[in-house]
Structures are given as structure tokens and as C-alpha cells.
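Just below is one structure, and these are the notes that go with it.
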Amino acid sequence: MKSFALLTKFLNTFELNHKDQPEFFQSVQEFFSSILPFLYDHSKYQDISLLKRLTEPERIIQFRVCWIDDSGKTQINTGWRVQFNSSIGPFKGGIRFHESVNISVLKFLGFEQTFKNALTNFPIGGGKGGSNFSIKKKSKVEIERFCQSFILNSYKYLGANTDIPAGDIGVGYSEIDLMAGMMRKICGDSSCVFTGKSLFSSGSQLREESTGYGVIYLTELALNYHHNESINKKKVLISGSGNVAIHAIEKCIQMGARVITASDSDGTVVDLEGFNIEKLNRLKFIKKELNGRIQQYSEEFGLIYLKDKSPWSISADIAIPCATQNEINEVDAEIMIKNNIKIVVEGSNMPVTKKAIQLFQNYDILFIPGKIANSGGVIVSVLEKIQNSTYSVWNKNKVEKEMKKVMKNSYRTSIKYGEEKKKVNYVRGANIASFVKVADAVISQGSI
Ligand code: GLU
């Protein structure tokens, strides 16, 4: 009872203090509610000051980002870096450029990242950064000027042993290269501050593919473990058409699965025959080279286009949301349950709402949270860092083998903590495993 009262008190105050930060409150509430039974059994963690230290970022930097557009006008955006928790290693986490970026979104992402990173067992803390800058309809030169200004205004707070950023929505290897280049130029130091660089700039093999490939690897592991089945020949719904979605589709094709949807914020393409490599290459080209939309892709191939709709009403075996936060709510979940979805795997961060997760769990639908499923990206980031700091270059096989080893280990740890009556609650398992890691470090380092 003590832990229940303590947590209720903590969450009520937390909600009051974060009324203007709904995404952050949502992630904190989901996290702590899921580990309540564990807190109940472990008096060591029943300490409100511990919960406060775990939910208050160590530092938040906010800065102005000025850049000159192609017509010569000065444009102004806001940039942030949320350095969430460094108790087990340097802050590590991506940079997101998207119009929806604000402090609530970045605090939720920094909080999630802290525990996702801890689950990998690597000595890395968690952070997140970004700007409310949209790359839509921007020229290559405008993006370059923006990236350079972003670093000019934040380089002081980043460093190879202090805070190591990577990409996220709107930030791929070209943006990372521009930022890493600017960092090197200003500091006159070539150490690895950024991960997610291109191979030209000493990035790692497979870093670009890692998040998407990792999600499918994890889906295969879970299907094997629970149903003794493979993803081969399964019908898959994927949302998004950015880096994670594209590489998840690619891996599905390689493994013989049929991906029948992809999407962006304007709508969904439905292709009942499924993606093949030619179609996927064209989608990559439209997105990357033409900065284009899914509608253009669907028109080129004469496919069904659902304007302003997500993929979740289409019947399939597997759903893998790879777009953004809160893209599956309880209404979507009910339809998916009716359509007999077998497994839901989070490719993006917090794409499924708490109510929707509860529904999936009530109906015994296998649900794998992003902390386990989408950690391939940050894992290969660490492998990139290891290669850079030891002046070595690994081949694809070695990177893939190492990534799979780490993911399998996180998966097993989540089973260990999440097994209940012959079922596995992966949300609970991943959250407890990572909580223990971060909380023990915070406790052992004292009140700092
Ligand atoms: N943005 C990615 C994530 O959400 C990658 C972070 C990184 O590589 O540091 O995990």
C-alpha cells in the first residue's frame, strides 16, 4: 500500500506541475504505473526524492537558431537540448527537426531514451534535442544553413564524453554530417561527438538501417518465442515512410513478409500485393531526393491512397507503428483487435497510447514496447562510437551480429522481469529492468 500511496502522491503533484507538458506527463505516468508492483516489493526504491530525481532533467538548454532562407530573409527557430540523465554515462540521444517539437515532446523523449539506453547495458545516459524547424519544402542549402546555426548555438554543451547526439525524425546522416562537420570546425577537434554519420564521414556500417532492421529482428524473436512462428509470409502494417519505416519494410521484404501499408502525416498508401524492392527504392527516392509525399508514390503506382487516414483499419497479422508518438489510440486498437492482429511492435517512440496498450494486453495480443524494439539505432550508435574511438572499421556482418547480441540480451532481460503466469508483460519487464539500472546508479551517487 505504501508504494501505491507514494506513487499516487508523486504522480498527482507531477501532473499539476506539468499541465502544459502532456506528452512528458504521459510517458512518466505510463512508466511508473507499469512498475508499481515492483516498487511495492522493494522498499529501497520507495522514495519520493528518487522519483523526482529520475523525472527532473539534469539540464535543459534552449537557444535561438537564426538562419537565412533562399530569398535572403532571416528566419528564427527555437532549439533545445534536454540532458536528461547521465548517471550511467554521457547523455546520448537523437536530434529531431519537426514542426511538432516542443519542450514537452523533448522531455518525454529524453526520459524514454534514458531507460531505453539503460536497457542496452551500455554505459550511456539519456538525452534528446531538436528544433521546431520543419525540413518540408526547404532547399538543401537552407537545411545546411540551419544545421550549421543549430550547432553554432549549442556546441558548447556537446562533447565526446559529455553529450553525444544522433539523428531522429527529420535528421538523417546528411544533417548529422553537416552538424558533425560544423562541430569539428568550431572546436578544432575530430573526436566522435555525433553518431549516425554517413560512411563518408566515418559513420558505421548499418547505422542508417539499424532501427528499422532491429524492429523486425525483435518481431521475429517474439513470434518465435511465443508462437513458434516466423514473420515469413505474414501480412504487415507499417506506418511512416521515414528512416525507420523504410528500413523496416526493407527487412520485411528480405524475410519474405508482405508489407501492405506505409504513410505520412497526410495519408496512407495501401498495396495489397505488398512492397517489393523496386517499389521501395522508388519510395526512398521520392522521400529522400524529391522531399516528396506518400500521395505522389501511390499515384505513380496506381495504389489506394487513404487521405488523412492511418493504416490501422486494414486487416493484417502484424502492426508496426514507425511514425511518431500517439499514433494508435484505443479506437484504432479496438479495430485492430476485431481484425485479429497478432502482434504490435513499437518502431517509433511511444506510438501507442496507454489505453490502447491496455486493450492489447487484455486481449492477449503480444505487445512489444519501443524501449526493446527500436533500440537497434542507439545500439549501433554505440558501436559507431567504439569504432571511432578505437580507430577501427567493422564490416556489416560484425555490426549486425553485435547489434543482434545486444538486442537479444535486452529481450531476455525484459522477459525475466516481465514474466507473469506464463505470459510476458514486456512493458513492465523493460521498464523494471531499466529502472533498476538507472535508479541504482542515482542512489549510489548520492544527492547530487
Ligand atoms: N533517435 C534514436 C532513438 O530514438 C537514436 C538515438 C541515438 O542513436 O543516440 O533511439
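Cβ coordinates are placed from backbone N, Cα and C, and glycine is handled just like the others.
Taken from TrEMBL, the feature substrate binding site applies to K92, Q113, K116, G167, S381. Counting only same-chain residues at least 6 apart in sequence, those with a Cβ under 8 Å from the Cβ of G167 (substrate binding site) are G94, I95, Y173, E175, I176, G196, N243. DSSP gives G167 (substrate binding site) a coil state; it is part of no helix or strand.
All protein chains shown were included, and the count of other CB atoms within 10 Å of the CB of K128 (active site, proton donor) stands at 30. Look at TrEMBL and you will find K128 tagged as active site, proton donor.
Other Cβ atoms within 10 Å of the Cβ of D168 (site 'Important for catalysis'), summed over all protein chains shown, number 27. Marked as site 'Important for catalysis' by TrEMBL: D168.
Look at TrEMBL and you will find T211, N243 tagged as NAD(+) binding site. For T211 (NAD(+) binding site), the number of other Cβ atoms no farther than 10 Å from its own Cβ, over all displayed protein chains, is 30.
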Name the one residue among Q113, K116, K128, S381 whose Cα is closest in three-dimensional space to that of T211 (NAD(+) binding site); these are the recorded positions.
S381
Output field, substrate shell: CB within 8 Å of site CB centroid, site K92, Q113, K116, G167, S381 dropped:
G93, G94, N117, I124, G126, A166, T195, G377, V378
Nonlocal neighbours by CB distance (under 8 Å) for Q113 (substrate binding site), same chain, sequence gap 6 or more:
F84, K92, G93, G94, G126, G127, K128, V378
Sort out for me which one of N243, S381 has the most neighbouring CB atoms within 10 A, since those are the binding-site residues we care about.
S381
May I ask for the distance between S381 (substrate binding site) and D168 (site 'Important for catalysis'), taken between their Cα atoms and rounded to an integer number of Å?
12
